[in-house]
């Protein structure tokens with residue numbers, strides 16, 4: 001089954017014509033098909049009769065209960081205030097096209113579906129027809145039952161708490177329609193803090209694909225709550241670090257308290273976490289160097305940019321008046337290289353237009369979160385920038401600038417870019433855009449080319465931490481860039497971006513707490529560029545469920561079958577768990593349910609999850625043998641009848657996980 005990673009698939013669909021979208025969706029897996037609205041209008045939903053029949057299976061249990069999110073109340077006024085945070089983002093959320101799609105071309109006789117088999121087309125068409133007839137539940141129904149835990153209504157605060165436990169925020173632009181509808185519902189209904197199924201479906205239908213991904217734990221960090229607890233522990237450990245000195249060469253930097261300390265995380269799927277002083281604005285300073293280099297390469301290409309600047313670490317202080325053997329700055333991360341890169345951006349226009357252009361670019365990278373400007377810092381930098389003026393004149397004498405460049409004007413622009421303000425939260429989204437191949441994770445917009453991202457990360461890895469770059473690459477092994485304001489922009493490629501900020505600096509000019517945090521992070525998690533992902537078992541890998549989790553999943557599955565907890569089994573199936581997992585005696589959940597005589601569990605496993613009714617344990621006993629041995633004749637009869645209908649599924653090239661998702665979700669739907 002295709003995995004919906006981020007919003008790439010939706011972006012692709014939205015760029016196509018209606019006919020193209022229809023053809024694509026009909027060839028896709030049922031998960032995507034069910035997100036479409038019927039051609040006759042309305043939305044896919046189970047009819048009342050079907051809902052009544054399905055309620056014993058779908059109605060109980062659901063998403064695990066979580067404590068209320070920080071600062072979240074169940075009162076209507078405070079929930080409205082919480083939901084109101086999403087209204088500041090002008091970017092609309094990514095959602096499936098609402099217009100009816102035109103019929104696409106028919107599949108040829110030799111075509112296969114998204115699962116690599118020719119039966120997928122019939123499954124999709126059959127599922128689509130049944131949904132139109134109200135015989136099967138929609139994804140919105142499944143999501144409702146997942147969260148409701150057997151209740152007829154969902155408290156709004158419970159939905160928001162469950163949403164936050166996945167790492168998504170109510171302010172996420174991709175959830176704008178959902179949050180707007182929730183806000184409207186709270187204002188217009190008498191029972192504003194409770195959502196029945198119809199109201200819930202109305203609220204989530206525009207963003208159902210993203211929400212389904214979130215609640216099925218299909219984001220890059222599946223267990224985000226556990227991961228953030230580790231981040232908080234590392235934060236507290238680094239907070240104890242003393243020493244270092246706040247930069248004081250200009251008064252605007254010296255005014256910051258040495259006790260300020262914040263860490264923000266944003267994954268490539270838009271999962272967010274912040275701890276500490278993450279909303280305090282500070283200047284990017286040298287952290288802007290990789291960003292403006294990325295802009296230059298994105299606009300002009302690698303070959304043109306590197307006519308003027310090299311790619312090698314200099315081995316010297318970042319502000320030395322020194323060029324390489326070709327009379328070019330060594331790299332874009334030293335002051336000389338950054339000044340030259342600044343001269344390449346939007347040549348031929350005045351500084352005001354250049355500055356607006358870069359600000360708009362950085363706003364896109366930050367997903368329209370806070371990006372500001374400190375005029376006081378700019379004025380102070382210009383007044384105390386004698387060394388940078390000396391570097392500028394040296395570069396001019398060596399003809400390092402493009403022809404016709406106004407060197408003094410370029411230095412003004414350079415000081416302006418150093419004075420751009422961010423918060424830890426907005427800068428973490430910028431870092432996540434670099435981690436995500438140039439796509440902003442919270443808007444889905446492509447901001448940078450893959451070439452620009454690759455080159456930027458390479459230079460951050462080798463030259464980003466001043467004179468500490470070699471040691472940082474050795475010990476931490478991740479692309480990063482530090483600044484004199486105390487920030488460290490850290491990128492874990494294909495996983496997440498982070499901003500660590502604490503003003504006290506070590507003798508190399510890097511944040512003391514930030515360096516300590518980065519070391520601890522890589523000691524705990526296998527994020528180092530050269531950690532062996534397959535054999536390095538001593539480190540935590542937040543990107544996948546570990547061995548302990550797999551053991552727990554078998555225990556939880558068999559225990560739910562033993563106790564007859566259909567609600568838990570439904571939740572496991574929705575999370576794409578393998579419902580045919582075996583214990584050390586090769587016994588499955590169906591063995592246990594048959595031995596205990598749980599009719600509803602047996603029906604659920606057979607009819608909804610489509611498990612194999614013939615599995616044999618270590619003693620060659622099948623579930624039918626278990627039912628007969630313990631005298632559960634009703635279960636024996638069900639198994640006997642189902643064996644006639646069962647068709648074994650062969651192996652496919654898509655892997656066991658895709659088969660599991662196909663069986664579970666397609667069976668559930």
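Easy rule for this one: first residue shown is 1, then count along the chain.
Every residue gets a Cβ built from N, Cα and C, even glycine.
Looking up the ranges 307-314, 315-322, 323-330, 331-338 in Swiss-Prot, the one annotated as region 'Highly mobile activation loop' turns out to be 315-322. Listed by Swiss-Prot as binding substrate are 286, 335, 381, 388, 466, 484; the candidate from 235, 357, 414, 530 that the record includes in that site is 414. Residues 68-118 are the range that Swiss-Prot records as region 'Disordered', among 17-67, 68-118. Classification of residue 484 (substrate binding site) by DSSP places it in coil, neither helical nor stranded.
When the neighbouring Cβ atoms lying within 10 Å are counted for each of the binding-site residues (414, 466), the highest count belongs to 414.
The substrate site in the record is lined by 286, 335, 381, 388, 414, 466, 484, and its two most distant CA atoms lie 19 Å apart. The binding-site residues listed here are 286, 388; among them, 286 has the most other Cβ atoms within 10 Å of its own Cβ.
Counting in whole angstrom, residue 484 (substrate binding site) lies 34 from residue 164 (N6-succinyllysine) by their C-alpha atoms. Under the three-state DSSP scheme, residue 286 (substrate binding site) falls in the helix class. On the backbone, the CA of residue 286 (substrate binding site) and the CA of residue 164 (N6-succinyllysine) stand 33 Å apart.
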